[in-house]
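*Asks:* Just passing along the structure, written as structure tokens.
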Amino acid sequence: MSGEIQVTSATQRTQDDDEAIGAVKEPPEPAPAKPARNAQGATLNVFSNAFLVLWVVMAAGPLVWVMINSLRESADITGSPFGWPTSISLENFTNAWSDANIGKYALNSLIILCGSLPGTMLLGSMAAYVIARFSFRGNRVIYLLFAGGMMFPIILAVVPLFFVMDNFALLDTRHGIILAYIAYSLPFTTFFMTAFFRTLPGSVAEAALIDGASHTRTFFQIMLPMAKPGLISIGIFNFLGQWNQYFLPLALNSTDPDKALLTQGLAELSVNQGYEGDWGALFAGLTIAMVPILLVYMVFQRQVQEGLTAGAVK
Amino acid sequence: MANDVRAVDGKPTGPAPRKDGERTSFGDYLLFAATLVLPPRFTPDRVRYDRRYRTLDKYRFISWFLLVPLVLYAILVISPFFQAFYYSLTDWSGFSSDFSFVGMDNYERMLDDSDFWASVKNSLLLLVVAPLVTLGLGLFFAFMLQAGGRHKKSEAISGVRGAKFYKIVYFFPQVLSVAIIGVVWGAMYDPITGPINEVLRTFGLGSWTQNWLANPDIAMLCVLFVLCWMFIGFYVVLFSAAMGSVPKDIYEAALLDGASRPTTFFRVTLPLIWDTVQTGWIYMGIQALDGFAIVHIMTINAGGPGNSTLVTPVYLYKKAFDAGQAGYATAVGVVLLVITMIFAAIMMLLSRRERIEF
């Protein structure tokens, strides 16, 4: 858990810094050691800010460019890549939404996520709880089995996976994709939640059991609510991971275009636009896919950053 | 309901000691077995008041809770993984169900397969260069954010104004789908409607304009750039979090001793956050080794022009699903796994340092 704690403290620290800087408006004072450091600090300041601003343009520029172009007509875009929309028309968006089926694909992605995300969280926490808090024969083996799954690239398993899914008649079905998402999210979810459940105090669970609650009840009514911070972190991690998944749908869900997910739909749109030259619809489709995620991120940016950094590097 | 708490946690509760005189009839065992699959509330009284009920209740809970996750995981993750090793030794096409065992033929074939080697070369290039660039820039920006600010009377080192804003924006690519990024950058690189060429023209560098992704000499660099672009923000956030947790008095001491900022970075900050850099390095390496979605979406014919942007995962995918050589594709996958393992092992060895506590 140390990763998460570090992240929290650091974020607070930077916030403090910001406030402190905002409060102190006076010109830079000489540092205690040497007066020369002051000049050095000032040059460094300009230098560092220039680089930082440059990367803001680099990071956000392409996204802003896409959003602006989504409001322009395809002919204008072909004429000049840069430029402001001459008139605000939402035609591109309606084209993307209905003709290019972005609306349908987004709905497909949402349906999958409604099954896979709760499923991942529930099954992952169940396995993690048992592994973290009970000792039984094979505990260590099961833990290593899950943890080991984080190391291996999905691509290695994809060919046999395709045929396993085929044998169970799960190929190109919604529940099949949901199950695959859950299965491939389990290693990290279980690993993370095991560590989290180990940090929770055991006395509360014991009290519940003395009061006559069953193990199941203790888990759902006592331990799971106590694990909420961990669930939020791993939930964000899985939400973004599953919403953004491209590889599994491509391999397991590619025959029926009606069931395509948003990522597949965008890739498809990008190919088609090459033939039809409908740049406007492509940019509108991208905007539709980007903006909601970016808005959610900006609202919950602290939790998202913590969730992903605590999640991705352990 | 279970009325017993002793089963939770703690020492392993082994099977209850059995006394010779005690009657445990076959019927009892049947009853116990039945209890294992019943919900707790339907436990027969006879079992509930048995001395061994506590253990039984615990194992009933454990097996019920582990059943679904383990079965799902075993069928969809573990079994394909082990099947891959087996299929890599066969000449399976993937289309029909008959195949024969060919031993190491697939691996021998790989030795003479120039497409495969081209893909390995590109993957290794990503594996080495992408982490270097990404982590280097990540560290640079993170240190700027944490220590690039003006000096104040009370603080030895301070962050720049608006550090939080920078971190929010830098993180944008990380929350977006790889598919979106692939499409956006495909449009960015477009020779006619893409803004990159337009910017070059605006600055009078018209001769530098390119058909970026169609030029075999440059296409791979374009992929590399996008891969770094995606991840830099993540490492800025990660590293500035790690730097933020370093106590400020350490910096103060360094500055009092007259250390310049570069010296502070290399002698104080970097050693103190080395653990984070090391894990980040391995993570980024594995991410770069993949690069599937970017190449698959962005480049011409997924890996073109020619083989100039072909990476091993894309090659595997094409062999398995387009060329119908499932056996050969899994063999490529096994080699990819070996490369990943070797990379992780080398990085662990190379970057091993004494851990510094603070």
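Using the three backbone atoms N, Cα and C, a Cβ is placed for every residue, glycine included.
Features from TrEMBL:
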type	residues	note
REGION	A:1-37	region 'Disordered'
COMPBIAS	A:1-13	compositional bias 'Polar residues'
TRANSMEM	A:46-68	transmembrane segment
TRANSMEM	A:105-131	transmembrane segment
DOMAIN	A:106-300	domain 'ABC transmembrane type-1'
TRANSMEM	A:143-165	transmembrane segment
TRANSMEM	A:177-197	transmembrane segment
TRANSMEM	A:218-240	transmembrane segment
TRANSMEM	A:279-300	transmembrane segment
*Asks:* Rank A:105-131, A:218-240, A:279-300 by Cβ pairs under 8 Å to the transmembrane segment (A:46-68) and hand me the top one.
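*Replies:* Top-ranked stretch among A:105-131, A:218-240, A:279-300: A:279-300.
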*Asks:* With an 8 Å cut-off on Cβ pairs and a sequence gap of 6 or more, do the transmembrane segment (A:218-240) and the transmembrane segment (A:105-131) reach 3 or more such pairs?
*Replies:* yes
*Asks:* Six or more residues out from either end of the transmembrane segment (A:105-131), which same-chain residues have a Cβ under 8 Å from its Cβ atoms?
*Replies:* 139, 142-143, 146, 174-175, 177-178, 181-182, 185-186, 189-194, 196-197, 219, 223-224, 227, 231, 234-235, 238-239, 242-243, 259-266, 288-289
